Amino acid sequence: MAKTRPGLMPKPKPGKKDLDSYTIRGTNKVVRAGDCVLMRPSDTGKPPYVARVEKIESDSRNNVKVRVRWYYRPEESIGGRRQFHGAKELFLSDHYDIQSAHTIEGKCIVHSFKNYTKLENVGAEDYYCRFEYKAATGAFTPDRVAVYCKCEMPYNPDDLMVQCEGCKDWYHPACVGMTIEEAKRLDHFVCAECSDDDAKRAENGFTASPAADMKVESKRRKR
């Protein structure tokens, strides 16, 4: 019967262990699955990457790793940054990765577009997402969003817009021949189309229709 020499028995390798949380190095901030984090880029001249933590685990050497789903900034996407993309806009991509937890620099919040537009104060840690993005093809979901103004552009929450009291559509000051300063001083605004309609009704002796708000949907075309 063969004998195994002492000390040569192969040691079973302990497997990976799932962790409930990770405390960011040098801070008291705790990261859990589902949290959004800022991750240190390899190029120090770039802003931190943003990712959503899907899973936290440690290996046999107690190295903590995180499985993340990356957010892309508009300029990192195939189509690049466009006029309607806000400064704090991100796309939730289908790009997953495993990273060392030590590359996490901080936490952030990625709001829904609706909630972001309701924020009274936007902090450095506040971002928003209204699109999911396929990294390989550059496709977006949803592929259509409401557009506004004469320029038919989606809403950029960084831009000041004025609302017409007639049709309820929103307009960029520049698109209706105003400066931003002039727009800020406005108490009332009626777009040229509604002004023309009011003038025609006055000529014909008709009062404004109470169903004027029904024009909203026709103006909010999809693209």
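Using N, Cα and C of the backbone, Cβ positions are placed for all residues, glycine too.
Bear in mind that TrEMBL entries carry predicted annotations, made automatically and left uncurated.
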Under TrEMBL, which of the candidate ranges 40-62, 201-223 is annotated region 'Disordered'?
201-223
Per-region confidence, the domain 'BAH' (29-144) (mean pLDDT, whole number):
94
Secondary structure of the domain 'BAH' (29-144) by DSSP, residue by residue, totals 11 helix, 57 strand, 48 coil
How many helix, strand and coil residues does the domain 'PHD-type' (146-197) contain under DSSP?
15 helix, 9 strand, 28 coil
